[in-house]
Each structure stands twice: as C-alpha cells, then as structure tokens.
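Notes follow the structure.
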Amino acid sequence: MLLTIDVGNTHTVLGLFDGEEIVEHWRISTDARRTADELAVLLQGLMGMHPLLGMELGDGIEGIAICATVPSVLHELREVTRRYYGDVPAVLVEPGVKTGVPILMDNPKEVGADRIINAVAAVELYGGPAIVVDFGTATTFDAVSPRGEYTGGVIAPGIEISVEALGVKGAQLRKIELARPRSVIGKNTVEAMQSGIVYGFAGQVDGVVARMKKELAADPDDVTVIATGGLAPMVLGESSVIDEHEPWLTLIGLRLVYERNVSRA
C-alpha cells in the first residue's frame, strides 16, 4: 500500500491507498517540535491499528509520498523514511519532482507544495480550467488553465485564524465554536460572530472565484470549482460557486505524483 502524508501548518493528514482507493485516513496536529523518532512512534501507532498492516513499522507499506508546508517537519519525515522504512520508495514533493503540471509563476519554487499537488489532482480528476479552494490555516484559491497549467492564485486568512483574531483583538469578544448560526442575523454575540465567519467566508469565496473566472476562461461557466480542506464543510452549503467537494484532493495528488516519479517493475 501507499502511505501519503500532507503536512499543513495546523494539521497533518495521512492516507493509505490500495491502488487508487483510499482505504484509511487519519488527521493529527502538526507539531514542528517532533523529532524523527517521535514521528516514527506516532506512525507505528497509527499503522498498527490497521488490519491490513503489520505491527512493525513499514510492514505492508510499498511506497511513501509526502508534501509539507513546514520545512522542519519535512526534514524529520525525510529522516523517518531513511531510518525506519529502509528500501521503501519515497517521494518528497520539492523542487525537481515531476508533477506533470507546468507552473507559470514568477518564482515557482516559492509556491506551496500542497497547492501544486492540489492542482495535479484537479487536472487529473476534472481537467482545466479549474479553481481549487482549500480551506486550511489559510484559505487558498489556485487556478488551473484550460491547458492544465498552474497559473497562480489567491491567499486569504483562514477561518480559524479569523476566529482567533476576533477573540484576541476584540475586547468584548471571545473565541467561539465553529458552527452554523440559526440565522444570518445573530440574536446574541456568539451567533453574530458565527454568522460573520460562515457567511462572510461564503461571500469571500463567491466574490474571489467570480473574479478569478473572468481572468481564467473566456466562458466562466467552463471553470470547475473544487473545494477541499478540513474546514470546507463550514462553507459548502452557503457558497453558490462550488461545483465539487473532494476532501482527499491533496492525498490523491500525492498518489499521482508518486506514480509519476517511481517507475514500476
């Protein structure tokens, strides 16, 4: 099986693929202080819970694909693959890795690996033109041309960042639970804040996507808009522009990049 690891700023998502099918997944907190040994222990605990894998670290794993937005974690995971997975082929997404998607940016090396991986999956699953909206620590909007090229995007503060900022900077406000309010017009402070977050972000998505579509394609209706990320469900029901929801888009992209970089016997 293929182990895929997507390290974000807040959470790390892991997925196990049996062929093209994702058969297991986990979400854990990202901690830049974890060493390679600590990560190995964590992986062994997760892997040991799966009935198709052995209790020893590496049993049943035939390949590994990793992307990370936290450089220190990527370094430690590199050590994990080297020390604990032996001869198992590993692909770490960094400059030089074949993705199959041209990156039309001023400095391609500065684009987050997860954003490129999302574009890879979007091209494979839906074709271009497309826009990927990833609801993570930041909310990112990434554009794929009709020819399957990554052409750039938008980075905005994420939902959790906005909630925390309201609680920290607002003298009479506090951190709230992320939940849909009963109505747009809040009847108390918590509901009013929840409404601002949910409907404010839905409006942001609709507005940004509408502008991106005009730049991306002659006919905006040709553009497929894909939502992904852990916080996507908060906005899905309120946005009018999202066509597809694929929660495992990044993991699928990692599988595709692994296959394009590891030759099969």
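Glycine is no exception: its Cβ is also placed from the backbone N, Cα and C atoms.
On its own chain, Gly8 (ATP binding site) has Thr30, Thr69, Val70, Asp114, Gly136, Thr137 as residues at least 6 apart in sequence with a Cβ closer than 8 Å to its own Cβ. For Asp6, Val7, Gly8, Asn9, Thr10, His11, Thr12, Val13, Thr137, the entry in Swiss-Prot reads ATP binding site.
Taken from Swiss-Prot, the feature substrate binding site covers Gly112, Ala113, Asp114, Arg115, Thr189.
Asp114 (substrate binding site) falls within a helix when secondary structure is assigned with DSSP. As annotated by Swiss-Prot, active site, proton acceptor applies to Asp114.
Counting every protein chain shown, the Cβ of Asp134 (K(+) binding site) has 27 other Cβ atoms within 10 Å. Under the heading K(+) binding site, Swiss-Prot lists Asp134.
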Could you tell me which of these binding-site residues, Thr12, Thr137, Thr189, has the greatest number of Cβ atoms within 10 Å of its own Cβ?
Thr12
Check each residue in the chain of Gly112 (substrate binding site) that is at least six apart in sequence and keep those whose C-beta is under 8 Å from its C-beta; list them in sequence order.
Thr69, Thr140
From the Cα of Thr10 (ATP binding site) across to the Cα of Thr189 (substrate binding site), what is the distance in angstrom?
27
For the C-alpha pair, I'd like the distance in angstrom between Ala113 (substrate binding site) and Asp6 (ATP binding site), rounded off.
9
